[in-house]
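Since the structure comes first, as structure tokens, the remarks are kept for the end.
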Amino acid sequence: MKLSKFLESQGTYVGIKLDEASKQELVRLQKTLRLKNPLDPDKFHVTVLYSRKQIDVPVVDTTFVATVEQVDCWKTQDGKHAVVAKMSCPALVERHEDLISIGGTHDYPDYTPHVTLSYDDVITPMFINTEVRLVDEYIEPLDLEWVANND
């Protein structure tokens, strides 16, 4: 396979981590919800872009302040469930849209910023109001085998 074809087959993943205080806030939420399979707080992140097309991502050094507004339960690609903390953060949505405008792709009709709290758990959705800080954006090649590797 030529290098150009290989690069065309690779995508781009952009994520952002939570600061320590925000991680601890979400750990308290996990405990309150009595989740059976809580995700390790060191794995907490928000996906900014999951693009099946490789793009050059302009680096930003910023902190986003987001409000967790709802805890929800989503069906995953492998048919299981994930408990997610859905958040409102207009600046993060703008960052996502900027990356789409320079050639990134997105598999879903809408971008919903969220942090996964647990896999293979089911809860009743509920509204909450918790502020979190998103720091340390990172970029890596898109892992199209992510579901298979995290089973």
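Each residue, glycine too, has its Cβ placed from N, Cα and C.
Going by Swiss-Prot, these are the annotated features:
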ACT_SITE  H45  active site
ACT_SITE  T47  active site
ACT_SITE  H114  active site
ACT_SITE  T116  active site
BINDING   Y13, Y108, E140, W146  3',3'-cUAMP binding site
BINDING   Y13, Y108, E140, W146  3',3'-cGAMP binding site
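Location within the structure of each feature annotated in Swiss-Prot.
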residue	record	DSSP (3 states)
Y13	3',3'-cUAMP binding site	strand
H45	active site	strand
Y108	3',3'-cUAMP binding site	coil
H114	active site	strand
E140	3',3'-cUAMP binding site	strand
Of H45, H114, T116, which active-site residues are close to Y13 (3',3'-cUAMP binding site), meaning a Cα within 10 Å of its Cα?
none
Any idea which of the binding-site residues Y13, Y108 has the thinnest Cβ neighbourhood at 10 Å?
Y108
Out of H45, H114, give me whichever of these active-site residues has the highest number of other Cβ atoms within 10 Å.
H114
If you count Cβ atoms within 10 Å of the Cβ of T116 (active site), leaving out that atom itself, what do you get?
17
What count of other C-beta atoms do you get within 10 angstroms of the C-beta of E140 (3',3'-cUAMP binding site), across all chains shown?
10
